[in-house]
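The domain 'Copper amine oxidase N3-terminal' annotation in TrEMBL covers 3-73. The domain 'Copper amine oxidase catalytic' annotation in TrEMBL covers 95-508. Annotated active site, proton acceptor per TrEMBL: 176, in sequence order. Here TrEMBL flags 262 as 2',4',5'-topaquinone. Here TrEMBL flags 262 as active site, schiff-base intermediate with substrate. If you look up TrEMBL, you'll see 512-533 marked as region 'Disordered'.
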């Protein structure tokens with residue numbers, strides 16, 4: 001192809017499982033190849049399409065070269081690089097985020113955080129990244145009772161399948177947590193880069209080394225900070241013009257990782273209203289391939305042409321959140337809630353405007369394989385078994401799906417044999433210490449059949465049990481020109497919010513901004529930035 005070896009970069013991918021030759025008897029990688037003629041070049045702008053190097057990474061041996069087809073390497077696109085631009089935009093004034101008296105949270109030497117009623121401990125694993133443990137809320141309406149919400153909250157898996165069926169793109173079905181490790185690929189966050197903005201507290205992550213088993217430290221792997229979240233609540237009595245408004249804050253626990261070409265930021269947002277919102281921010285560089293002259297002429301439907309001779313395949317990002325629930329105690333149950341149209345009835349619905357709330361208890365694992373339904377406002381209540389609110393109903397937290405997608409591959413696609421858990425947005429299982437990951441402990445080069453699909457065949461009870469909620473959410477990404485050469489952040493999320501858990505709004509006691517000592521108003525000045533843009 002006319003390039004020197006030193007101009008070639010390799011991008012190793014786990015092989016997945018397409019047959020017995022990919023079995024777990026040896027650890028294999030398939031490396032895709034790219035051209036980098038200059039040190040600052042974006043390698044994904046110039047793929048060596050069709051060339052794959054198969055390696056045994058334990059023996060450090062090349063097993064074979066696969067040269068599937070020769071496609072012209074795209075030229076040096078004028079927009080391929082994203083750093084050191086000749087001209088930057090102007091007109092931005094400094095934005096200072098300051099807390100002269102420090103943050104409002106307290107962090108002890110056991111990584112336990114207390115903030116605005118919330119208490120939890122922060123952990124970190126090489127596979128999941130940041131983990132929240134023993135999440136509780138101190139309820140002032142119940143005599144400052146410490147009420148449990150969840151025993152453990154984590155990101156248990158992440159799967160990224162690509163839609164282009166030709167080699168080498170059909171290989172791209174990454175299990176970014178189970179194969180690579182979200183925590184192991186975490187960044188060492190920097191004040192200078194403003195990964196986090198404001199009065200920041202960082203925590204290091206200590207992991208077991210890959211090669212020698214010794215401890216490895218990722219400095220500043222976890223970022224903890226408060227941020228303004230806009231209006232928390234407001235009402236103006238239009239009769240008297242009396243207005244009450246409160247600003248919201250949220251506590252953010254986050255980490256960012258790079259897995260090959262993509263960056264993922266994972267954010268746990270804890271609110272003053274008792275809500276836990278989980279958000280993932282996607283950025284980085286889209287995966288790419290070269291187009292043959294015939295493909296350029298015909299137009300390629302499996303992706304978007306982002307530069308001359310270069311396309312980005314359409315793909316999906318799936319995230320699996322695991323919530324070991326403990327809503328007002330260790331025993332919970334799940335109820336599916338929908339809003340349905342009421343039939344016309346001379347007595348019950350004479351004007352035809354009626355719609356009603358329908359609740360369906362999920363009693364067994366098999367019943368709890370459920371999908372989101374936006375048209376019906378479907379959500380799921382995790383109810384306490386032993387505690388009731390002042391209306392006599394079980395206290396609960398609600399799982400609200402915001403970013404629900406389903407696999408677009410055929411049901412018999414190879415990667416779905418390992419990722420059958422993607423077929424539903426909700427799974428509920430009784431807690432079992434060994435059931436930690438939705439595809440099983442070892443998805444890499446696995447023929448499949450482990451994990452949630454296997455466990456739920458036991459038809460165990462999930463009614464009044466210690467239960468685990470598994471929520472699958474994500475996005476289908478059709479790349480656009482604006483995603484090149486580095487895509488702006490795209491966000492996906494879900495919410496776990498109190499639903500008749502409190503006897504009234506827990507946010508009423510938040511003081512107005514003018515009664516918070518030292519609080520600056522919109523016209524106030526800054527006293528020295530923790531991070532300046």
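Cβ coordinates come from backbone N, Cα and C, glycine included.
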* Could you check the recorded positions 176, 262 and say which one's CB has the fewest neighbouring CB atoms inside 10 Å? => 262
* Asked: What does DSSP say about the residue listed as 'active site, proton acceptor': helix, strand or coil?
  -> helix
* **For the domain 'Copper amine oxidase N3-terminal' (3-73), the number of residues DSSP places in helix, strand and coil** => 9 helix, 32 strand, 30 coil
* Asked: Hey, how far is the residue listed as 'active site, proton acceptor' from residue 262 (2',4',5'-topaquinone), Cα to Cα, in Å?
  -> 10
* Grab the pLDDT values for the domain 'Copper amine oxidase N3-terminal' (3-73) and give me their mean, rounded. => 95
